[in-house]
Structures are given as C-alpha cells and as structure tokens.
Protein chains: 6
Amino acid sequence: MRPSHRAPDQMRAVSLERGVARYAEGSCLVKFGETHVLVAATLEDKLPPWLKGQGRGWITAEYGMLPRATHERTRRESSTGRPSGRTQEIQRLVGRALRAVVDLPAMGERQITVDCDVLQADGGTRTAAITGAWVALHDCFAWMKARNMIPRIPLKDHVAAVSCGIHAGVPVLDLDYAEDSNAHTDANFVLTGEGGLVEIQGTAEKDPFSEADLMAMLGLARKGVGELVALQKLAVG
Amino acid sequence: MRPSHRAPDQMRAVSLERGVARYAEGSCLVKFGETHVLVAATLEDKLPPWLKGQGRGWITAEYGMLPRATHERTRRESSTGRPSGRTQEIQRLVGRALRAVVDLPAMGERQITVDCDVLQADGGTRTAAITGAWVALHDCFAWMKARNMIPRIPLKDHVAAVSCGIHAGVPVLDLDYAEDSNAHTDANFVLTGEGGLVEIQGTAEKDPFSEADLMAMLGLARKGVGELVALQKLAVG
Amino acid sequence: MRPSHRAPDQMRAVSLERGVARYAEGSCLVKFGETHVLVAATLEDKLPPWLKGQGRGWITAEYGMLPRATHERTRRESSTGRPSGRTQEIQRLVGRALRAVVDLPAMGERQITVDCDVLQADGGTRTAAITGAWVALHDCFAWMKARNMIPRIPLKDHVAAVSCGIHAGVPVLDLDYAEDSNAHTDANFVLTGEGGLVEIQGTAEKDPFSEADLMAMLGLARKGVGELVALQKLAVG
Amino acid sequence: MRPSHRAPDQMRAVSLERGVARYAEGSCLVKFGETHVLVAATLEDKLPPWLKGQGRGWITAEYGMLPRATHERTRRESSTGRPSGRTQEIQRLVGRALRAVVDLPAMGERQITVDCDVLQADGGTRTAAITGAWVALHDCFAWMKARNMIPRIPLKDHVAAVSCGIHAGVPVLDLDYAEDSNAHTDANFVLTGEGGLVEIQGTAEKDPFSEADLMAMLGLARKGVGELVALQKLAVG
Amino acid sequence: MRPSHRAPDQMRAVSLERGVARYAEGSCLVKFGETHVLVAATLEDKLPPWLKGQGRGWITAEYGMLPRATHERTRRESSTGRPSGRTQEIQRLVGRALRAVVDLPAMGERQITVDCDVLQADGGTRTAAITGAWVALHDCFAWMKARNMIPRIPLKDHVAAVSCGIHAGVPVLDLDYAEDSNAHTDANFVLTGEGGLVEIQGTAEKDPFSEADLMAMLGLARKGVGELVALQKLAVG
Amino acid sequence: MRPSHRAPDQMRAVSLERGVARYAEGSCLVKFGETHVLVAATLEDKLPPWLKGQGRGWITAEYGMLPRATHERTRRESSTGRPSGRTQEIQRLVGRALRAVVDLPAMGERQITVDCDVLQADGGTRTAAITGAWVALHDCFAWMKARNMIPRIPLKDHVAAVSCGIHAGVPVLDLDYAEDSNAHTDANFVLTGEGGLVEIQGTAEKDPFSEADLMAMLGLARKGVGELVALQKLAVG
C-alpha cells in the first residue's frame with residue numbers, strides 16, 4: 001500500500017490555473033497534490049550575446065523554492081550566495097524540456113525566461129514545474145501572437161513530466177515526498193504529447209534496478225503524461 | 001485625483017488569510033490590493049550563538065520577491081550572489097517592528113524566523129509584510145501554546161504598518177506603485193495597536209517636506225493602522 | 001544627566017576641516033566630538049549606463065569604517081566579501097541627502113562619488129558624514145567652476161544631519177555612543193538650510209514612542225542643524 | 001560512418017593506470033581515447049557533521065578540468081567564484097555511482113573523497129571518471145586493509161559507465177567530442193559488474209527519441225561496460 | 001635628478017605619531033612624505049583554531065587603502081567582493097616582517113592584529129606600514145605589560161622597511177610614486193635593527209638588473225633603515 | 001646532509017617534455033624531481049580592454065594545483081570561491097618573469113595565457129612553472145610563426161627560476177618539500193639566460209639572514225639556472 005493510499009498507477013490530483021501572475025506575459029499555478037509551483041513566463045526582446053544573429057530565439061528557465069515550502073525550513077539561496085547544484089540541475093532540465101517542443105527560429109530573436117517558484121513542496125517539484133511551464137509558455141506565445149509579433153504559436157507539441165519509482169517492490173506513478181524518501185529507485189520522465197522521450201533520469205537510491213523495472217516505470221510514465229497532456233489541452237483550449 | 005480613484009484617506013482592499021503554508025508553524029497571505037505577500041513563521045529551538053544564555057528569544061525576518069512579481073522581471077538574488085541593500089533594509093525593518101511587540105523573555109530561548117515573500121508587488125510590500133507577519137507570528141505562538149511550550153501568547157500589542165505620501169500636493173494613504181513612482185514624499189509608519197510609534201521613515205524624493213506634511217501623513221497613518229489592526233483582530237479572533 | 005555631561009540641547013564640539021585629501025577634488029575631515037569622518041569627493045566624467053543621456057548629473061556616496069575605529073575591532077568588509085546591510089543603508093541615505101540640494105541638470109552629465117570613511121566612531125557617524133559631505137561636495141563644485149566646467153556652484157541649499165534620542169526619559173541632541181547604546185528611541189534627521197525635511201528615520205529601540213517625543217526630537221534637530229549649517233558657511237565662506 | 005571510423009559498438013582504446021598520484025591512498029589515470037582523467041582517492045578519518053554517529057562511512061566526489069583540456073580554453077572555476085552547474089551535476093553523479101557499490105557500514109566512520117581531474121577532454125569525461133574512480137577507490141580500500149583499518153575491501157561489485165547516442169540515425173557506443181556535438185540523442189549509463197542499472201540519463205538534443213532507441217542504446221552500454229569491468233579486473237587483479 | 005630633487009641616498013621626511021587611534025591598544029600614524037598610513041594594533045585573547053595549544057602567540061596584519069588615497073579613485077574592495085592579490089601580498093609581507101622580531105612564546109596564546117590603512121598614497125605604502133607597525137605593536141605590548149599580562153615587551157629587535165630602485169640609471173633610496181612609475185628596477189628591503197635581512201623583494205620592471213645594482217640598492221636600504229630605526233627609538237623612548 | 005642526499009649545489013633531476021597538451025598552441029610537462037607541472041599556452045586574438053590600441057601584446061599566467069598534488073589534500077579553489085593569496089602571488093610572478101624576456105610589440109596585439117597546473121607538488125612549484133612556461137611559450141610562438149602570424153619568435157632571451165635556502169646552516173640549491181619545511185631562509189631567483197636578475201624574493205623564516213647568505217644563494221642560483229637554460233635549449237633545439 002502506498003502511503004497516500006493511491007493505486008500504483010494513480011496520479012495525485014492535478015490542477016493547472018492560468019493567468020495567476022498579473023504582470024507576466026504567461027503564467028500558471030500548477031498543483032500535483034500538495035506540491036504547488038507558480039510558473040511565470042517573461043518575454044525579453046534581446047538575447048544573451050552568444051545567441052545573437054543566429055535567427056532563432058531561446059527559452060531559459062529558473063527555479064526557486066520559498067524557504068518554508070518544505071517540512072523543515074531551508075536557507076534562502078540569496079543568503080548562501082549562489083544557487084545550489086540541485087537548483088541548477090533542475091533549471092537546466094526545465095529549459096531543455098521546453099526547448100524540445102519549441103520551434104526556436106519561428107519565435108524570432110527573443111528570449112523567454114520561465115520562472116518556476118515552488119510555493120509548497122511535497123515531492124515532484126521539477127515534474128510539476130515542466131508540466132505547468134508548458135502552459136505558461138503557451139500563453140506567453142498567445143500574448144505575442146495577439147500583438148502580431150508572431151504569426152502562430154511556435155509549439156511543435158506538448159511536453160509534460162512525471163516521476164516514477166519502485167516503492168516497496170512495486171513500480172508506482174507520481175511519487176510524493178513520503179514515497180520519494182523511501183523509494184529504492186527514482187526516475188523522472190519527460191515526454192511529448194506524441195509519446196516521444198525528451199529526457200530520462202533514473203537513479204538507484206539503494207540497490208541497482210533491472211531493465212524490467214525501467215520498462216515498468218516507463219509504462220507508468222506514459223500513462224501519467226497522457227493524463228497531464230489532456231489537462232494541458234483543457235487548460236489552454 | 002489619485003490614479004487609483006481612492007479618496008486620500010482610503011486604504012486599498014486588505015485581506016489577511018491564515019494557514020496558507022501547510023508546513024509552517026504560522027502563516028498568512030496578506031493582500032493590500034494587488035500587492036500580495038506570503039508570510040511564513042518558522043520556530044527553531046536554537047538561537048544564534050550571540051544570543052544564547054540571555055534568557056530570551058529572538059524574532060528575525062527575511063524578505064524576498066519572486067522575479068516576476070513586478071512589471072519588469074527582476075534578477076533572482078541567488079544569481080546576483082547576495083541580498084540587495086534594499087532587501088536587507090526591509091528585513092531589518094520587519095524584524096525590529098515585530099520585536100517591538102513581543103515579550104522576548106516569555107518566549108524562551110527560541111528563535112522564530114518570519115519569511116516574507118512577495119508574490120506580486122504593486123507598492124507597499126514592506127508595510128503589507130509587517131501587517132501580515134503579526135498574524136503569522138501570532139499563529140506560531142498559538143501553535144507553541146497548544147503544545148504547552150509557552151503558557152500564553154507573548155504578544156504585548158498589535159503592530160501594523162502603512163505608507164503615506166504627498167501626491168500631487170495632497171497627503172494620501174497607502175501608496176500603490178503608480179503613486180509611489182510620482183510621490184514627492186514617501187513615508188512608512190509602523191505603529192502599535194495602542195497608537196505608539198515604532199518606526200518612522202520619511203524621505204523627500206524631490207523637494208524637502210514640511211513639518212505640516214509630516215503631521216498630515218502621521219494622521220493618515222493612524223487611521224490606516226487602526227483599520228489594519230481591526231482586520232488582524234478579526235483574522236485571529 | 002547625560003553621560004557626556006552635555007545639556008540636553010547641546011551638540012558635541014564640531015569641526016569641519018577642508019582640503020585634507022591631497023588628490024581629491026574636494027574633501028573634509030568632519031569631527032562630532034570623538035567621531036571623525038574623512039570625506040573625499042571624486043569627479044568622474046562619465047555616468048553609470050542607466051543615467052546616460054538624461055541631461056543631468058548624479059551624486060553617489062560610499063561609506064566605510066576602519067576596523068579599529070570602534071571599541072571592539074570589526075571585521076574588514078573586504079574579507080566578508082560584501083558591504084553589510086548597515087553600510088548599504090548609510091550609503092543610500094548619504095546619497096539621497098546630498099542629491100536633495102543639488103541642481104543635477106546644472107552639473108552636466110557627470111558623477112561625483114563621495115567617500116565617507118570613519119576614522120574613529122563614537123556614535124553619529126552617518127550624521128557627521130552628511131554634514132561633512134556637503135563641504136566636500138561644495139569644494140568639488142568649486143574646483144569645477146575654477147576650471148570653467150560649470151558657470152556656478154549648483155547647490156540649491158545646505159544640508160546637514162543630526163541624531164536625537166530619548167535618553168533616561170529626556171529628549172537629547174546629538175547622541176554619542178554611550179547614549180546611543182542606552183537610548184529608548186533613536187532618530188536621525190536630515191534638514192536643509194531653510195529648515196525643510198529631507199529625511200526622518202525614527203526607531204523605537206524598546207518601547208514605542210509618542211508623537212510628543214517625535215516633536216521634541218524634531219525641535220532639537222532644528223537647533224542642531226542650524227548650528228551645523230552656520231559652521232558649514234564659516235568653513236566654505 | 002562514425003567520424004572516428006569505429007564500428008557502432010566499438011569503444012575507444014581504454015587504459016587504466018594505477019598508482020599515478022604519489023601521495024594519494026589510491027589513484028588511477030584513465031584514458032578513453034583522447035579523454036584523460038586523473039583520479040585520486042583521499043581517505044579522511046572524519047565525516048561531515050550531518051553523517052556522524054550513524055555507523056557508516058561516505059564517498060564523495062569532486063570534478064575539475066584543466067583550462068586547456070579542451071579545444072578552446074575554458075575559464076578556471078576559481079576565477080568565476082564557484083563550480084558551474086555542470087561540474088556539480090557530474091560530482092553528484094560520480095558520488096552516487098560509487099556509493100551504489102560500496103558497503104558503507106563496513107568502511108567505518110570515514111570519508112573518502114575522489115578527485116576526478118580532466119587533463120584532456122574529448123567527450124565522455126564523466127563516464128571515464130566513474131570507470132577510473134572505481135580503481136582508485138579499490139586501491140584506497142586496499143591501502144586501508146593493508147593497515148588493518150578494515151578486514152576486507154568493502155566493495156559489493158564493480159561499477160563503470162559509458163555514453164551512447166544516436167548518431168546519423170544509428171545507435172553508437174562511447175561518443176567522442178565530434179560525435180557528441182552532432183548526436184541527436186545522448187545518454188549516459190552507469191551499470192554494475194552484474195549488469196544492474198545504477199543510473200540512466202538520456203537527453204534528446206533535437207527531436208525526441210523512441211523506446212526502441214533507448215533499448216538499443218542500453219544494449220550497447222551493456223557491451224561497453226562489460227569490457228570496462230574486464231579491464232578493471234585486469235588492473236587490480 | 002630625482003623628480004623630488006632629493007639626493008639619491010635621501011629619504012623623504014618621515015614622522016611617527018603614536019596613540020592616534022583612541023580605542024586601539026597601540027597605534028601609529030606613519031608618514032613617509034605624502035604617504036600616510038594609520039596603523040592600529042588590536043589584542044585578542046584567542047587564537048585562530050590552527051594555532052591553539054602550541055604555547056605561543058601570533059601576529060597578523062591587514063592592509064587597506066581609502067578609495068581616494070590615490071590620484072585616481074580606486075574601487076572599494078568591499079564592493080569587488082574580495083581583497084585583491086596585491087592587498088593579500090602586502091598583508092602577508094607585513095605579518096612576516098613583524099613576526100621575525102617578536103618572541104611569540106613570550107606573548108602567550110594571544111593574537112595581535114595590526115591594521116594598516118593607507119589614508120594617502122605616494123609610493124612606498126608597504127614599507128611605511130611595516131615601519132609604523134613596529135611602533136604600534138610596541139605600544140600594544142606596553143599596554144599588556146602595564147596590565148601585568150606579560151612581564152616584559154617581547155620584541156627581539158626593531159624591524160623597518162624601505163624601497164630602493166634604479167631610476168634614470170642611478171640607484172636611489174625611498175621611491176615616491178613618480179619615481180616608482182619610472183624606475184627600471186624596484187626592490188623592497190625589510191631589515192632588523194641589527195642589520196639582518198628579513199625580506200628582499202626585487203623586480204625588474206623592464207630590463208634585468210645586475211648583481212652590482214642589487215648590492216648598491218642593499219647599501220642604500222641599510223642607510224635608510226638605520227634612520228628609520230633611530231626614529232622608532234625616539235618615538236617609543 | 002640534505003634529506004635528499006644531494007650535494008648542496010645539486011639540482012634534482014629535471015625534465016622538460018614538449019607537446020603534452022593536444023589542443024594547446026604550446027605546452028610542456030616540467031619535472032623537478034617529484035614536482036610535476038603541466039604548462040599550456042593559449043593564444044587569444046584579443047587583448048583585455050585596458051591594453052588595446054597600444055601596439056603590443058601581453059603574456060598572462062594562471063596557476064592551479066590538483067587537490068591531491070600534495071601530501072595532505074587541499075581544498076579546491078573553486079569551492080572556496082576565489083584564488084588564494086598564494087595563488088595570485090605566484091600567477092603574478094610567473095607573468096612578470098615571462099614578460100621580462102618577450103618583445104611585446106613584436107607579438108602584435110594578442111594575448112597568450114600560460115596555465116601552470118601542478119599535478120604533483122614536492123617543493124619549488126613556482127620555479128618549475130617558470131622554467132617550463134618558457135618552453136610552452138616558445139612553442140606557442142613557433143606555432144604562430146608557422147602560420148605567418150609573426151615573422152620571428154619574439155623572445156629576447158631565456159628565463160628560468162630556482163629556489164635556494166639555508167638548510168642546517170648550509171646554502172643549498174633547489175629545495176624540495178622536506179628541505180623547504182625546515183629551511184631557515186628561502187629565496188626564489190628568476191634569471192635570464194645571460195645572467196640578468198629578473199626577480200629575487202628572499203624570506204627569513206626564522207632568524208634574519210646575512211648579506212653573505214644572500215650572495216651564497218645567488219651563486220647557487222646562477223649555477224642552477226645555467227643548467228636549466230641548457231635543458232631548455234635542448235628541448236626546443
């Protein structure tokens with residue numbers, strides 16, 4: 001039995017609320033159960049120097065967590081003087097995931113920064129962030145289209161993410177914090193709406209895992225992402 | 001006429017929502033119109049070294065702002081490597097304001113950290129933060145009392161804050177961003193429930209201001225803080 | 001009785017010595033009793049990027065303290081890696097105070113940096129710094145006028161500052177370190193030569209203070225600043 | 001045809017040279033073709049505070065690259081003031097990979113730090129580092145056993161790593177820099193001697209990849225790691 | 001002819017003024033012509049951790065320069081985030097020079113920090129700092145002796161320093177800024193009262209220098225240090 | 001007897017191996033006994049801003065040490081956030097030494113960065129670095145000449161360096177770590193092929209040293225550098 005009493009292939013309650021950040025070009029408050037992430041997309045007319053003159057745009061992501069988003073308070077990164085390794089790893093992951101479904105040349109020489117700030121954390125913050133970021137990015141593109149900056153929304157597909165794990169010997173979908181702390185294996189899957197793989201990150205926390213474990217988790221992830229993409233369609237439809 | 005169409009002595013719509021941070025010992029989402037600040041109080045059983053053994057507790061505050069809380073995106077302080085001077089100034093102000101109404105010896109040798117994170121900023125974030133922080137702090141003390149850590153809530157009084165300014169020659173209450181940008185004088189007042197002054201910070205942005213201006217602003221502040229304290233009483237009552 | 005045996009409305013011995021920094025365009029060694037601050041004004045022909053092309057100049061201030069200016073040695077800020085919150089707060093205060101009396105368009109697109117370095121600290125370093133900085137700034141402008149860079153000295157008025165407090169229940173003028181440590185309330189006042197208010201910063205260190213306290217301190221500050229402005233006139237006259 | 005003229009399932013020439021760092025308790029210079037990594041294991045008798053008293057040891061890894069290990073010189077991380085996100089990501093990966101095969105309680109309350117410094121980089125530095133680090137760690141344990149600090153070498157299995165990718169539509173083993181720059185998909189696999197999965201990190205650089213691609217790459221990785229483990233056995237045998 | 005019209009073996013006017021820092025245990029304002037350095041010695045009862053329990057004390061030095069001590073304003077090191085390489089080099093030099101003449105075991109397990117802050121810089125700040133630091137250190141020891149912390153002043157000898165150079169082909173003593181900028185060779189000499197060498201640092205700024213040049217500069221340095229030591233004796237006598 | 005059983009005027013075994021860094025324009029692995037330094041020269045077509053437009057090039061050096069190059073592991077400077085004072089001191093020394101023999105105008109407005117990374121440290125790393133850096137720099141110039149970027153190799157002379165010391169009362173050449181730790185005096189000499197002095201740095205570690213000591217050490221240094229220059233000629237000849 002999972003601590004959350006969910007079936008092994010059952011996601012937490014997921015919601016995607018658009019337009020929550022008054023000043024952002026696109027935004028989304030995404031909830032995977034008690035994990036809440038506020039995503040805001042900011043359009044900038046200029047690119048970082050190393051990207052200029054290549055005839056394409058760029059999507060970058062930043063990630064943060066409120067100090068008391070967690071059970072124990074964590075130190076503010078501004079007081080430690082630098083983003084942690086974990087923060088940077090997540091930022092890079094979210095950026096790659098989004099860029100995989102954006103037609104970068106079609107967006108022009110502009111940059112969109114997607115800020116993902118965790119208001120409350122109960123496991124799976126990076127997968128929730130990716131899922132909500134697609135909605136915020138979509139709305140940022142819609143904002144640009146409405147102002148005739150681009151002729152169409154330059155998204156090639158949906159992208160969403162979910163974590164899976166082997167908990168008490170059973171492959172399970174969408175780990176919350178209690179499960180994540182005890183899982184023997186933990187894997188994050190980023191998939192497109194059409195089912196293509198964008199990113200897999202699987203880690204054995206204790207003993208190594210088998211190819212069969214990997215396949216079982218991938219199957220669960222396909223189911224979960226299917227549901228997330230359906231919710232994204234509802235949200236922006 | 002104020003840009004917001006408010007009367008000179010009219011506050012923005014204010015709300016104080018308790019219990020919004022699932023894991024914090026006390027929390028409050030405070031809204032002054034479009035300014036939204038999430039305050040979370042964290043109890044720690046240990047004091048910083050320089051406070052140990054003095055038979056009293058301590059209240060400290062930290063302040064942050066989501067990058068897209070503002071019209072223009074601001075850089076994340078973790079990427080600049082340090083909290084800005086403005087951030088530190090506000091942190092110190094919030095901490096002093098709260099300590100002014102806490103019976104520090106009565107709370108025991110413990111520290112409470114009050115995190116004030118601005119989700120959306122439309123002027124007056126520091127005054128909203130102080131006002132909401134009193135509620136979060138109250139609930140943190142209530143949490144401690146419920147666990148018999150303290151016999152009673154060690155608050156000597158309410159404390160709340162509001163800004164005033166001289167806008168288009170007229171003293172006005174509770175500046176929003178549009179007014180703040182154009183005000184000739186800007187002053188923050190922190191007052192107790194009984195009307196005592198805890199902090200005054202008044203600055204001439206262009207020409208110097210007169211003693212009469214100061215008195216007019218203080219009068220408005222008394223009215224505004226009176227309303228804020230009434231709302232605090234409703235919130236925790 | 002004040003620890004310094006001064007009357008409640010009596011300033012410490014104040015002196016303003018010009019031309020003490022051989023290489024600076026303007027300089028002043030200001031003493032408020034045992035508080036000694038060396039102020040040096042540096043003219044630069046270029047503005048920070050965000051100020052360019054607006055047809056006006058800028059005054060900025062920096063503040064530092066020698067490690068053994070104080071009773072206990074304080075750590076050098078270069079070894080802590082950043083200016084402290086207190087340092088930044090003072091720097092911003094001094095800059096605002098000076099800009100309030102300068103005709104910025106009349107000085108051309110130039111920046112003057114005013115360095116205030118505390119050689120010895122016995123309370124009131126920020127108020128001494130502002131008072132001496134006006135003299136150093138005046139002499140920097142005189143240096144520019146002598147070279148025909150500007151037709152006249154673009155100062156609209158004098159500006160000076162003093163602290164007041166409630167010590168042993170009595171409002172007193174110009175707190176020294178011994179008084180500052182024990183005062184229940186501490187307030188800094190920045191006023192112009194004509195008596196306009198540029199900045200008020202009042203803080204209750206223990207119990208809140210009343211409006212009557214505020215008025216009494218403001219009255220003392222007017223007296224003190226009057227004396228300081230008279231000394232500034234003598235110094236540059 | 002691969003740029004290196006290797007067959008799709010062909011590793012580069014691999015060598016593992018032990019005992020290259022005179023002062024280290026264990027060391028290995030590992031070469032995957034033109035990628036050269038110097039690994040040194042350092043034994044410390046004390047643990048970081050958060051690990052003390054749990055009756056087990058710890059393995060941590062650090063990673064660095066000489067500035068001119070690469071085609072273009074890269075800035076020294078000591079001059080940028082912090083390890084980059086990429087560096088931290090690799091450090092965490094190497095540490096997790098090694099801990100997966102170490103019997104941490106059997107090594108006592110000690111820490112071993114494994115430094116992986118890239119002398120020359122031609123792709124696959126992190127996989128070479130893991131492969132060589134196992135040898136250095138083995139020799140560090142042998143050093144401890146020789147001094148009767150531990151009764152036996154507390155390694156549960158071998159661990160080694162290799163990258164695979166989809167290059168010009170073909171799954172290939174052990175990417176070098178030229179291939180890595182052009183591969184559509186890039187995946188790192190960390191496996192044990194018995195074939196268990198310790199870590200998978202697969203990323204679509206351009207288009208998403210399919211489950212079939214993933215399986216093909218995993219098959220190649222099994223072959224490659226099999227060869228690497230055989231070389232590890234020869235090296236320490 | 002030297003720019004300063006001094007004879008090749010002529011020092012600038014030197015003065016050593018004791019007791020200038022009201023709160024320090026020992027202090028000295030040293031002037032070598034227009035180079036002015038304020039030295040303050042601070043006694044601390046505790047040692048850094050790596051020196052504890054060895055039955056001896058320690059002398060350390062810190063060095064700073066006011067931003068407008070120089071012809072052109074230099075940036076404040078607290079704003080660059082770290083002491084420069086030059087600053088650290090000088091700090092280490094001053095500390096070594098002083099420790100060379102102190103009986104460290106005789107001073108007990110205490111540390112004295114010698115702060116050398118340059119108020120005005122016209123070349124030779126490090127040599128002036130060493131020369132004045134000996135006086136401040138002496139007075140700090142006298143302060144300790146007066147309080148029966150030590151039975152006698154634990155100084156084994158005097159130490160002082162001077163720079164020499166080859167200017168326009170001629171070896172000259174005590175370079176000022178104008179000479180230093182043009183000298184082909186620049187050397188700093190730290191010598192004891194008895195003439196022993198504590199430190200030599202000689203650098204060819206353009207062409208290499210000869211052994212004869214070195215000997216000539218050493219001869220001049222002996223003369224200069226002789227005069228400095230005589231002044232130190234007068235100062236503390 | 002020296003710990004190494006060498007005669008007082010005997011260098012350690014020295015080797016200079018060219019072309020060891022595959023991607024660098026010039027490189028050299030220099031060994032002074034068990035001290036091993038990898039030097040790589042990188043040509044950049046652009047100068048730092050403050051050097052532009054002066055019609056001459058620039059040579060700069062950076063220095064680093066692998067964490068386990070030493071008996072005890074040292075912390076990685078990227079994790080301390082800055083190069084240490086010692087590192088910066090060495091970097092500046094190596095740069096000055098090389099520039100002393102380069103015809104800067106003849107190399108054009110280009111910069112060469114010479115990275116000196118210590119793989120193993122047994123004393124004398126800075127002198128080995130200078131000696132090997134001359135070879136790497138020579139080969140970088142040869143690379144440029146081969147591409148017709150310069151008509152000839154713009155080196156005016158050789159430069160090499162060695163340390164000397166007073167060990168057990170006897171002046172000795174080329175200190176290793178065991179000697180360096182016990183020497184009463186330690187001096188580094190940088191000399192040209194023609195015997196000119198580029199840099200002398202002599203430090204009394206315990207008691208002051210005499211002029212006779214200095215002369216004896218200089219004589220040994222001349223012998224050692226003579227041998228080093230002969231090896232440089234063999235290496236590039």
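Residue 1 is the first one shown; counting continues down the chain.
In case you wondered, yes, glycine gets a Cβ from its N, Cα and C as well.
Copied over from TrEMBL:
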type	residues	note
BINDING	E:Arg86, E:Gly124, E:Thr125, E:Arg126	phosphate binding site
DOMAIN	E:10-140	domain 'Exoribonuclease phosphorolytic'
DOMAIN	E:159-224	domain 'Exoribonuclease phosphorolytic'
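Here the features listed in TrEMBL are painted onto the structure.
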residue	record	Cβ contacts under 8 Å, 6 or more apart
E:Arg86	phosphate binding site	none
E:Gly124	phosphate binding site	E:Phe32, E:Thr35, E:Val162, E:Ser163, E:Asp174, E:Leu175, E:Asp176, E:Asp180
E:Thr125	phosphate binding site	E:Thr35, E:Val37, E:Met65, E:Ile90, E:Val118
E:Arg126	phosphate binding site	E:Tyr63, E:Ile90, E:Leu93, E:Val94, E:Ala161, E:Asn188
I'd like to know the mean pLDDT over the domain 'Exoribonuclease phosphorolytic' (E:159-224). 94
With the phosphate site defined by E:Arg86, E:Gly124, E:Thr125, E:Arg126, which remaining residues of that chain have Cβ atoms positioned within 8 Å of the Cβ centroid? E:Tyr63, E:Ile90, E:Val118, E:Ala121, E:Gly123, E:Thr127, E:Ala128, E:Ala129
Can you give the largest Cα to Cα distance in Å, as a whole number, for the residues E:Arg86, E:Gly124, E:Thr125, E:Arg126 that bind phosphate in the record? 13
Per DSSP (three-state), E:Gly124 (phosphate binding site) is coil
Name the secondary structure element type, per DSSP in three states, that contains E:Arg86 (phosphate binding site). helix
May I have the DSSP-based helix, strand and coil counts for the residues of the domain 'Exoribonuclease phosphorolytic' (E:10-140)? 45 helix, 41 strand, 45 coil
Kindly report the helix/strand/coil residue split of the domain 'Exoribonuclease phosphorolytic' (E:159-224) according to DSSP, in that order. 20 helix, 30 strand, 16 coil
